[in-house]
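Note sheet for the following structure.
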Amino acid sequence: MIEVIFLGTGGIKPTPERNVPSIAIRIGSEIVLFDVGEGTLRQMEIAGLNPMRIKRIFITHFHGDHYLGLAAIIQTMNLWDRRETLHIYGPENSGEFISNFLKSGYFAPGFDVVVHEITGKARLQFENYEIWTFEVSHGIPALGYVFKEKDRRGNFDLEKIKSLGLTPGPWMKELEKRKIIKIGERVIRLSEVTGPKKRGAKVVYTGDTEPIDDIVEFSKRADLLIHEATYISSEHRKDSYHTTIEEAYEMFKSSKARHLALFHRAPRYSYQEYAVAAKELCPEAYVPRDFDRVFVGGMGNVIFKVR
């Protein structure tokens, strides 16, 4: 099970009620950060999250409300004597923007910051999870992200063990470590004595975008779809590259994702006004506040902890 922490749920600019976009996903001891709007470091402090646990940051696009908090996080890591490389991922031109950002002021990090530019669809493999990327429609280079926890092995199956003429013992620990061992003259594979794999959690974050088909495609079987829904109505949206509540709901229904969180609310709306509209337009949707936490397991096991 992974933990999703909403550090900032609003869009465009901070308000007294909410900060600009940032989402942390905790998997084991690691924190994976998606977008770093201004004030994200403060939000992490309030949420009790240690920025030194961050190995990777994924930025959807380079509008200020999605990345201006990056410098504060990097400078704090430096103050705390970080030595581990920090990896930052984003759309084309990320390297230039981040390089310029880090050159401003009298500061240089004492650790490596490696920027990875991604164009289009990619599938990035890490120890316990994968990140899938897809381009979204926001008028500038912009990405959506899928966080996919890797599937876990099934439990040891005593019936399968007995059918091979074996009894439970220390060999099981060795098999779990090595995946294949030899007992006597027989080769035993882990898959032979365990049940079905347990599907890992899948969370999709669209970033800022108009509705596009790839959101539906990449959100299939998602446990949680975090979809931007900046505006209540198309009248408010006008010609901006954003999504309304109803459009986000249509994406959700088409994808058959299990849960929907509406994200990036425009500052013109209070939480109450927006939540009432969301309940009328898409009753299944969840409207997170800053510091809400969602625990996500595979197979649709989702627990919402609202503040």
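Note that Cβ sites are derived from N, Cα and C of the backbone, with glycine treated the same way.
Binding of Zn(2+) 1 is annotated in Swiss-Prot for His61, His63, His138; the matching candidate from Asp35, Asp112, Asp208, Asp213 at the same site is Asp208. His61 (Zn(2+) 1 binding site) sits 14 Å from His264 (Zn(2+) 2 binding site), taking the Cα positions as reference. For the recorded Zn(2+) 1 site, residues His61, His63, His138, Asp208 set the reference point as the centre of their Cβ atoms, and the other residues of that chain within 8 Å of it by Cβ are Thr60, Phe62, His66, Val136, Gly139, Ile140, Ala142, Gly207, Thr209, Tyr241. Here the Cα atom of Asp65 (active site, proton acceptor) is found 14 Å from that of His138 (Zn(2+) 1 binding site). Looking at His264 (Zn(2+) 2 binding site) and Asp208 (Zn(2+) 1 binding site), their Cα atoms lie 8 Å from each other. Look at the binding-site residues His61, His63, His66, His138, His264 and count other Cβ atoms within 10 Å of each Cβ; His63 has the fewest.
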